[in-house]
Amino acid sequence: MPFKIIASQCTSCSACEPLCPNVAISEKGGNFVIEAAKCSECVGHFDEPQCAAACPVDNTCVVDRALPRYQAPV
């Protein structure tokens, strides 16, 4: 499942944006968003999702359970 950013909790510090290996995080209208189609949960790059690890606000970068889990290409 890709991650999403809870806009109401995001401080727009941008700590997450440069860490995303898939360039899935961008700023739109003053808020940071994760493009679900690009998010791989950092599988194959890191042991844990970098957006969640870098975010200074707990539970702001979270799994978007409404979308299917990322599957690495075979």
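Note: Cβ is positioned from N, Cα and C throughout, glycine not excepted.
Cys10 ([4Fe-4S] cluster 1 binding site) falls within neither a helix nor a strand when secondary structure is assigned with DSSP, and so counts as coil. The [4Fe-4S] cluster 1 binding site annotation in Swiss-Prot covers Cys10, Cys13, Cys16, Cys55, and the record cites similarity to another entry as its basis.
Annotation note: Cys39 ([4Fe-4S] cluster 2 binding site) sits in a coil segment as assigned by DSSP. Look at Swiss-Prot and you will find Cys20, Cys39, Cys51 tagged as [4Fe-4S] cluster 2 binding site, backed by similarity to another entry.
Across all of the domain '4Fe-4S ferredoxin-type' (2-30), the predicted model scores a mean pLDDT of 96. Per Swiss-Prot, the feature domain '4Fe-4S ferredoxin-type' maps to 2-30; the stated evidence is sequence analysis.
Away from its own ends, the domain '4Fe-4S ferredoxin-type' (2-30) comes close to residues 36-42, 45-46, 49-57, 59-64, 67, 70 of its chain (Cβ-Cβ under 8 Å, at least six residues beyond either end). Excluding Cys10, Cys13, Cys16, Cys55, which define the [4Fe-4S] cluster 1 site, the same chain contributes Ile5, Thr11, Ser12, Ser14, Ala15, Phe32, Cys51, Ala54, Pro56, Val57, Thr60, Cys61 within 8 Å (Cβ to the Cβ centroid), listed in sequence order. For the domain '4Fe-4S ferredoxin-type' (2-30), the DSSP-based tally of helix, strand and coil residues reads 3 helix, 7 strand, 19 coil.
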